Structures are given as C-alpha cells and as structure tokens.
Amino acid sequence: MDSLFAKADAVKPLAKRRKTSHKASQNGSNSLRNAGKDSANNDYTAQSVTKHTSVPKSLLPTPIESSSGKLPKYSHIANKKLRGELHRQSAHNARAKALVDESADMLLVEDAGKIEVEGEMERTWRVGQDEIVQSAGQEATKGRKELRLDGGPYRTRYTRNGRHLAIAGHHGHVATFDWQTGTLHTELQLQETCRDITFLQDQTFFAVAQKKYVYVYDRDGVELHCLKAHIEPTRLEFLPYHWLLASVGNAGYLKYQDTSTGQLLCEHRTKLGSCTTMTQNLHNAVIHLGHQNGCVTLWTPNLPHPAVQLLAHLGPVSSVSVDPSSGGRYMATAGKDGTVKVWDCRNWKGVVREWSVRGSGSETEVEWSQRGYLGVTSGGSVNVYTPPSISQPFNGHVPPPLYLTHPIPSRPLTSLRFTPFQDVLTIGHNAGISSILVPGTAEPNFDSSEADPFESRKARREREVKSLLDKIQPDLITLDPELIGTLVEPSKLVTSDGKPATDTPYARLPRFDQLRVSGKVDTTEDPGSADEATGGGDGEGIDEEKKQQLREEKDKKRMRGKNKSMKRYLRKQRKNVIDPATVAIRAKLEKMKEEKRKAILAKKGIIEEKKKPSALDRFKRKA
Amino acid sequence: MVRISVLQHAPEQHLPTRPGDPTPQSRNLNPLMHPFARARERKRALNAAKMDRIFAKPFVAALEGHIDAVETMTKRSDSLVNIASGSWGGDIILHNLTTRQITQRVPQAHKGKVSGLCYASADRLLSCGVDRTVKLWSAGDDGSEGSLTQPLNVFPGKAAFNAIDHHRSDGLFATASNIVQVWDETKTSPISNLTFPTSTETITALKFNLAESSILASCGSDRTFTLYDIRTSKAERRVVMQFRATALSWSPTLPTLLLLASEDHNLYTFDVRHLDRPTQIYKAHVSAVTSCEWSPTGMEFVSGGWDRTVRIWQFKDGKGVQRPEVYHTNRMQRVTSTLFSGDARFVLSGSDDGNVRVWKANASEKLGVITARERAAIEYRNKLKERWAVDSEVSRISRSRHMPKTIRSTDKLKHTMLEAKRVKEERRRKHTRAGEAKPKPEKKKIVVAEQT
C-alpha cells in the first residue's frame with residue numbers, strides 16, 4: 001500500500017497540494033526547472049511521463065512582462081477559484097492584445113493616401129483634381145471619371161467591398177457595373193421614377209425604389225421580386241449582417257424585409273409624414289431617418305417607436321450620415337435651413353459642431369468616409385473636411401478647415417458616396433456621375449473575411465453561405481451593439497422578506513414565493529394586495545389589522561413572562577360564547593383588582609373621592 | 001510644394017499569380033473592420049451547438065450471438081478489436097470489432113452463467129462461472145470462425161465464482177467467491193486465500209490495481225469494499241458504506257483513484273489514501289448502477305445501470321461534475337456490463353437483451369477520414385461551444401437530451417423524494433436547539449465505517 005501511495009504522490013498530489021511546490025512556482029521559472037529536474041531524477045514515473053507530456057517550446061505561452069504591471073489583481077475577490085480564473089482570463093486577454101499589436105505592422109502593409117503641404121501659406125484645398133491625377137499612380141487614376149448621362153439626377157451605391165457601383169437615374173435609367181474594370185453588368189431603362197438603389201448582400205442582387213414598389217433585380221437585370229408591401233418608397237438601406245432590407249416611403253412607414261426568408265419583418269409608422277432621408281449605422285444596424293419637420297429618428301425593428309428622436313433642424317432634414325471610423329459615434333445631419341450639424345450619438349445633449357453651408361443649396365448631402373472624412377455638397381461644389389476638427393466642439397458657426405473642394409456645375413448634387421478601400425468620392429448629379437480623387441479617405445487595408453475587392457467567384461459564393469449561417473437575429477439590434485455577451489442584469493424579483501429571489505434556488509423558496517415566481521399566486525387572498533385594491537380610504541381595516549397584530553404580539557409576550565394561571569385560563573377561554581362560569585371569574589377578577597387598587601391608595605394615604613351621583617346611575621347593572 | 005499620395009492596391013498582390021493558386025488573403029484586425037463580431041460569434045456558437053445535436057448519432061453496431069443476457073465482457077489489453085463476452089446461458093463469444101463478426105464461440109463453456117472473463121495473455125482467456133470452476137481457453141485470433149469445446153485447463157473451486165481478474169505482469173489471477181482467492185496459472189489449487197477477518201460476505205467484484213499490481217480491491221454483499229495486498233496475503237483496509245457497491249474500476253492514470261458503482265444510483269471515486277469520504281459523487285442514474293469502467297485515457301468513464309441507460313462521465317479531478325452523456329435505445333434492456341474500447345473512441349455495453357452494443361464515446365464524432373480543414377472546423381466549433389457555454393440559449397441546446405418517458409418520470413419522482421427529504425431535515429433542524437443538529441455534508445454520509 002505504501003508503495004502505491006508513493007507512486008500516486010509522484011504522479012500528482014491529489015488531495016493536498018504541498019506548499020513546497022507552490023513556492024517553487026512562485027520563485028520563477030528557473031528554480032522551477034531545477035526543482036522539476038530534481039524530482040524527475042528521483043522519481044521514475046515522473047521521468048517517464050515528462051518526456052511525452054511537456055509542451056513544445058514554440059507553443060509555450062510567452063510571458064507578458066511589459067503589460068504584467070497593468071494586470072488587475074482581483075484581490076478584493078474572496079473566492080480563490082474565481083480569482084484565479086479572472087486572473088488567467090485577464091492574462092490571456094493581455095497576451096492576445098500584445099499579439100494583435102505585434103501583428104499590426106506585419107498585416108497592415110499599405111499606407112493611406114494623403115496630401116501634405118510644406119509652406120505655411122499653402123493650402124490643401126487649392127490643389128485641384130488635375131494636379132492630384134498627375135501625381136497619382138496608374139491604378140489610382142482610374143478612379144477619376146466623368147460620366148455624362150441624361151437620366152436626371154442620379155443616386156449611387158457601392159457594394160461593401162467597393163468594387164461594384166449601382167446607379168439609378170430619376171427617370172428610370174438603372175445600371176450596375178464593376179467600376180474598376182469598367183465592365184457593365186446590366187443596364188435597364190425602367191421608364192418610371194426611380195428614387196433609390198441599393199445592393200443586397202453583394203453585387204449579384206440589387207433593389208430599386210421605383211415609382212410604386214420596391215423591385216429586386218439580379219446581376220443580369222432580371223426582375224426577381226416586386227415587393228408590394230413597400231409602397232411609394234423613397235429610400236432603401238440594406239443591413240448586411242441581419243439580411244434586412246429597410247425602406248421608407250412617402251407614407252412615412254419604415255418597413256423591414258428579411259431577404260433571406262422573404263418575410264416582411266415589421267413596419268413602423270413614423271407619424272412624421274413623408275420621409276426622404278435614411279441612413280444606417282454600420283456598427284449597430286440602427287436606421288436613422290430625417291423628417292420634414294426637422295426631426296431625426298433612430299429605429300430598431302423591435303421597438304414600435306423611435307429609440308431616439310431629436311429635433312435637429314429648423315426645416316426639413318435633407319441628409320443624415322453616421323461616422324464609421326469612430327464606431328458609429330458621430331452623426332452628421334444637413335438641413336434645408338442651410339446648416340450642417342455634427343452630433344454625438346452617445347450623448348444627445350446638444351450639437352457638437354455646426355456650420356452653415358455656402359451657396360445655400362436646398363439639397364445638401366453629407367457623407368462620412370471610412371477614415372472619418374466628411375464630404376458635404378454645398379450648392380455647386382463638394383467640400384471635404386478632415387477628421388479631428390469635425391467632431392471637436394466649437395462655438396462659432398464656422399466650418400472646420402477645408403481639406404478639398406471640387407466644383408460641379410450641374411446642380412442639384414443628389415448623392416455623395418465615398419468608395420470603400422479606394423480614395424474616390426462619387427457624386428451623382430443632374431448630368432450624370434463624376435468621381436473625384438480624395439487622398440486619405442479610404443481604409444488602406446481590407447480584411448478578406450469581411451469585404452475583399454479582389455474576391456474571386458468561389459470566394460464570393462463561400463462568403464455568401466457563411467454570412468447566411470452567421471445571420472444575426474433582428475431582435476438583437478439595439479443601440480448598444482456590445483450588449484450580447486455581457487452579464488444579465490440582476491432580477492428585480494424579490495421574495496416576501498425583501499431578499500432578491502435569485503439568491504435562493506426555486507426549490508428552496510417558501511411556497512408562497514414559489515407560487516409568485518411561477519405566476520400562480522392568488523392575489524385576491526393576499527391581505528396586502530387586498531388593501532391596495534380597496535384603496536387608501538379604507539383606513540379602519542388597516543387599523544383593525546394592526547390592532548389585531550399588536551394584541552397577538554402582546555399575548556405572546558405575556559405568555560413568555562411571569563403570569564397568573566387564571567389569566568392564561570381566561571385567555572384560552574376567550575370565545576364568542578358567553579359562558580356563565582367565565583363571566584363569574586371575570587367579575588371576581590375585576591373585583592379583586594379594584595380591591596387591590598383601593599388598598600394601594602389607602603396605603604399611600606389618598607382617600608378617593610366618591611363619584612357624584614349621576615342621572616345615568618339608574619341604568620347601572622347591579623352586581 | 002505639395003506632396004500627394006493616393007491609395008492604390010496592386011492587383012498582382014491580391015490575385016493568384018497562376019490559375020489554380022490560392023487567392024492571397026489579407027487581414028485587418030482592427031475591431032472597427034469587424035462589426036457585430038461578438039453577435040456573429042455567438043450565432044456561430046449556437047450553430048455549432050445545434051450541429052452537435054444534429055449529428056449526435058452514437059449507436060454504431062449491435063454484436064449479436066448470445067441467446068441469453070450478457071453478463072460480462074472483457075477486452076484484450078494489446079488489441080483494439082478483440083472483445084470477449086459471456087452470458088447467462090454459459091456461452092462465451094469472441095468478437096472482432098472492426099469486422100463486427102464472431103471470431104470464436106464457446107458454447108456451454110460453463111454450466112449456468114459465465115460470471116467473469118479476463119484475458120490471461122494475448123491468446124488465452126480465463127473464465128469463471130457459477131459452476132464452481134475457472135477455465136482457461138485458447139483464444140488465438142486466427143481470423144476464422146470456429147468453436148472451442150475443450151479448455152486448456154480447469155481450476156476447480158469450492159464455491160460459485162462471481163468475478164475474476166488477472167495480474168498485470170505475473171501469471172497470477174484472483175477470483176471472487178465467498179472469499180478472494182489468488183491462483184497460479186500452473187497450479188490447480190489457490191495459492192492464497194484473502195479475506196478480511198470477521199467478514200462473512202459474498203464478494204461480487206474485484207480488480208487489480210494497474211500501477212501497483214499487487215494491490216487488489218473487491219466489493220462485497222455486506223455493503224463493503226476491501227483493499228488487499230497479495231504480497232502480504234491480507235486485507236489492508238475495509239470500508240463499510242450505506243449501500244452496496246456493485247462494480248469497481250481503478251483509474252489508469254491516477255493510481256490511488258478507485259471508481260465504485262453503487263446500488264444507491266450513484267458512482268463514487270475514492271482516493272484510497274483518504275477512505276473516510278469519496279472525492280466525488282456522480283449522480284445521474286435513476287436506478288442501481290451495475291457496471292463501470294475507466295477510459296484508457298483516464299479522462300472519462302462509462303457506467304451502465306438497471307435503468308437501461310449507458311452514461312459517459314467526464315472526470316474533472318475534483319472540479320465538480322458535468323452532466324453525463326446518456327445513451328439508450330428502445331430494445332436495450334438493463335445494462336449489466338460496460339467497456340471502453342482500447343482507443344477510447346468507443347464504448348461497449350452488454351445488456352439483458354443478449355446484445356453487445358457499440359457506441360461512440362463522443363456522440364457527434366464523425367467516423368472515417370477527416371481532412372485537415374474539417375478537423376480545424378471541428379476544433380473551432382468545440383472551442384466556440386466551450387466559450388459560449390454560459391449563454392443560456394447555447395447551453396440549453398447542448399444540454400437537451402431526449403430521454404425515455406419512464407426514465408424522465410423516475411427522475412422526476414426521485415427529485416421530488418430527495419427534495420422532500422431535504423426539506424424535512426431542514427425543518428427538523430430548524431426546530432431543534434441551535435447548534436445541536438448540524439447539517440452533514442453529503443460526502444460524509446456515504447461511509448459508515450473504515451476498518452483496518
């Protein structure tokens with residue numbers, strides 16, 4: 001037996017951990033290695049095992065010396081296991097973060113574009129498109145384009161990877177093409193008003209907001225669906241991670257259509273009339289609508305009313321955009337009152353910055369780029385502003401320093417889109433489409449798992465299937481996208497003695513609380529709730545009850561202390577029945593009490609005055 | 001002077017150089033590039049949990065051949081495919097797991113049931129029966145089905161045998177009847193009798209320790225289990241418990257860890273250095289547990305019970321108990337013996353209906369060749385499940401098991417009874433003077449007495 005125990009101890013101490021080994025591990029890796037060596041030499045079993053169980057050096061976790069000081073200690077947590085687990089987790093997170101930081105210079109190989117001026121008097125906005133095109137590379141110059149089209153003012157939209165462009169003219173000219181190679185996918189003359197266009201999950205499908213309904217076409221321009229639930233649509237948005245097509249129309253209804261199942265998910269009545277402005281927050285899938293009365297409302301599918309409603313302008317809102325570079329923190333709105341305002345979406349207390357646009361264009365469009373550059377159309381030109389100054393609070397109604405400007409003669413400018421992963425800004429206007437080069441607006445390093453401009457056909461198919469599998473349920477759309485995976489708030493349910501119900505398991509709750517938790521409690525018999533039901537006017541009932549309680553308590557106390565047996569007997573006899581024996585005893589007791597009182601008074605020398613005879617004495621019962 | 005640089009991607013960096021090459025992948029780990037990362041990961045975890053349940057088809061095969069209930073099974077220690085089983089009818093069958101066919105059959109090996117089987121070496125099988133004999137058979141794997149009639153050797157005993165186990169290295173074996181006897185393979189009478197003084201019980205199961213091979217453990221009908229050392233030829237310790245233990249098994253990795261299957265529906269692991277209480281109690285069966293065996297990895301063990309289920313438990317070494325995996329089928333009756341295969345991928349169960357069933361140890365494991373990509377996907381899914389195990393939806397899906405109505409109702413009834421018992425005890429304690437009746441930890445209630 002002893003040899004067995006010795007062997008067991010050599011493999012691993014099962015019941016009690018010895019302090020010596022613990023100390024060794026604290027001292028550091030060097031001493032640990034020595035200790036390990038010693039024990040291995042002594043013990044055959046361990047020696048035979050270690051060779052095959054040790055982790056290769058390449059897989060050993062790297063020590064985190066640099067950030068070890070920052071690791072929280074969790075010394076306030078009493079539970080050892082929990083503390084250890086938390087410590088392990090935070091160490092793991094720190095290690096992961098260090099790895100990510102390390103990988104950045106390996107993965108992020110491309111640099112963002114920029115314009116730099118040397119002289120103090122030089123300004124970047126003085127640089128014209130010709131100069132930019134001259135200094136740009138062969139590939140980049142492809143981005144500068146002027147398309148003369150006569151379909152009326154144009155709306156444009158890019159796919160998420162920035163490769164494909166869809167355009168819709170107001171008079172029914174719709175086209176999609178790969179704008180980098182210049183190959184046209186389809187071109188349609190729909191012969192009716194087209195107000196907006198959007199791609200669905202990728203370039204293979206697109207939806208057009210036409211005169212009466214929303215229509216879905218495939219890449220080759222074949223009409224697949226007519227969504228008759230969306231009547232007179234004005235704007236469309238597609239939420240790629242939820243597979244939802246949102247539309248808003250002249251009737252002021254916001255409708256969500258699930259494009260993976262084809263169901264109309266929900267429709268919200270905005271009650272604010274015709275709506276012509278819509279955008280989505282890419283980071284939490286909340287829809288922002290701008291209304292005719294100057295309101296901006298934020299919508300999620302699971303709330304029947306706006307999650308946020310704010311009065312942004314003193315006239316109709318003409319354009320809304322959300323900053324993707326800050327995780328959806330800032331929102332820019334433009335109104336027909338000729339102002340552009342920047343809002344903080346976490347704190348709606350007031351505008352962060354506002355300025356009025358020159359040229360007093362009635363149709364001002366705003367759009368944020370991937371890296372936080374803000375494009376604004378003002379009258380006949382497009383202005384681009386650079387990030388930090390846009391969202392810095394500033395008192396005067398002065399625009400932030402201008403980065404770039406480009407005049408476009410054909411008004412109105414109806415659409416403004418920055419190309420993802422390309423330094424290009426595409427403007428849809430009355431005479432077609434023009435795209436200009438704006439250095440620095442696009443994210444230089446794309447992620448192939450999210451959006452790849454150079455994606456092959458097979459990769460596109462695979463991504464489509466994967467994203468369908470990863471489709472997030474629409475109920476999970478909230479203002480805070482990090483809600484999932486956080487701890488549940490503690491329940492507000494309490495037991496009858498005021499403790500939180502979650503502290504005790506259901507089986508150990510008192511029966512009344514069990515019934516209450518399962519919703520089977522009969523509230524009509526609950527004295528407390530009955531009082532509530534009758535209202536505050538019934539004060540006597542409560543008094544009566546209190547008295548009863550007091551009496552019972554008194555009785556209890558009386559029972560505990562010294563007491564007369566006769567009193568106890570009487571209390572036990574207290575009934576509704578009038579028993580002559582009890583009455584006699586009670587009278588006797590009363591008499592004794594009186595005599596006692598008189599004796600005490602006599603002792604003190606007080607002579608009690610006799611009561612004056614009263615007229616009512618004649619009704620007194622004789623003893 | 002103005003310096004202008006415009007972003008441009010070089011297509012040759014992002015496109016395959018030759019047709020057929022893989023497309024280069026680029027990564028950007030900025031969290032802003034991955035919106036809804038957490039929500040999508042949860043969705044993937046949910047899908048992983050669902051797929052796990054969809055592909056949970058654990059039943060592999062039923063090995064037929066016995067005409068009566070299977071009583072005992074054993075595996076050859078040096079082979080992954082050879083299994084022997086003995087039944088109440090007295091016949092022994094040697095199965096091949098890969099071909100799922102009978103390699104050898106011994107009809108009427110014993111009169112009455114075959115109560116114990118074990119391999120003496122690669123090609124010799126020992127069996128014991130209630131006909132008071134131990135027989136040694138030649139069990140060579142020559143690939144053809146044949147039947148044996150003559151044993152190599154017969155060891156006569158004085159009482160019906162209940163169990164047999166062979167020594168790990170020497171030519172010794174131990175049998176259990178009303179006493180434990182140690183035999184030499186070359187001698188026809190036992191070389192020593194082991195019994196705890198003052199014990200008059202019937203021994204029902206016994207096993208040699210795997211690390212210290214002279215240590216022997218047995219359990220008996222007197223609600224006891226006993227530890228012997230065959231070098232000193234005496235019983236070292238004996239423990240009396242509340243209920244009878246029916247089967248036992250030594251851990252292959254932790255030498256002092258002993259697993260006991262008990263008639264009170266539970267399994268216990270005992271560290272033999274501390275016999276006053278079990279290290280862990282395993283509760284899930286709704287009827288008496290009749291058999292148990294460790295996986296060769298020592299990470300899990302299997303148990304079969306009177307409730308017609310086979311359960312597979314993860315051994316977490318003092319870190320609590322996970323819900324066991326549970327297997328059942330319509331036609332499987334009370335499970336009398338269970339076995340882990342040598343590669344720890346399969347579980348065998350022998351039951352009263354006369355079949356030996358083969359199950360996967362991991363219900364949703366894919367059999368056959370798995371490519372590297374598939375392996376990576378499986379590992380990713382497992383990690384996701386582990387990471388999101390606390391999510392209510394994910395855990396609900398991975399916990400759900402279909403159970404026969406009888407087992408569910410019995411489980412419910414059992415819970416009600418235990419709960420009532422607990423409440424009663426609590427009330428009793430409430431009405432006794434404070435500090436007089438302390439609640440006793442459940443682990444301390446198990447052992448009645450420890451004797452040396």
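Every residue gets a Cβ built from N, Cα and C, even glycine.
Marked as region 'Disordered' by TrEMBL: B:1-30 (among others).
Sequence-remote contacts of a segment are chain residues at least 6 beyond its ends whose Cβ falls under 8 Å from one of its Cβ atoms, and for the repeat 'WD' (B:282-323) they are 246-254, 259-269, 332-340, 342-344, 347, 349, 351, 359, 361, 399, 404, 407, 410-411, 414. Per TrEMBL, repeat 'WD' is recorded for B:282-323 (among others).
Remote same-chain partners of the repeat 'WD' (B:328-369), defined as residues 6 or more beyond its termini with a Cβ less than 8 Å from a stretch Cβ, comprise 51-64, 66-75, 77, 79-80, 83, 85, 87, 95, 97, 100, 290-297, 299-310, 312, 378, 403-404, 407. Taken from TrEMBL, the feature repeat 'WD' covers B:328-369 (among others).
According to TrEMBL, the domain 'Sof1-like protein' annotation covers B:361-447.
TrEMBL lists B:423-452 (among others) with the feature region 'Disordered'. If one looks beyond the region 'Disordered' (B:423-452) by at least 6 residues along the same chain, the residues whose Cβ comes under 8 Å of a Cβ in the stretch are 196, 223, 236-242, 268, 275-278, 281.
Sequence annotations record features per position, and here TrEMBL assigns compositional bias 'Basic and acidic residues' to B:433-452.
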Taken over the repeat 'WD' (B:282-323), the model's mean pLDDT: 93
Helix, strand and coil residues within the repeat 'WD' (B:282-323) as assigned by DSSP: 0 helix, 19 strand, 23 coil
Residue distribution over DSSP helix, strand and coil in the compositional bias 'Basic and acidic residues' (B:433-452): 5 helix, 5 strand, 10 coil
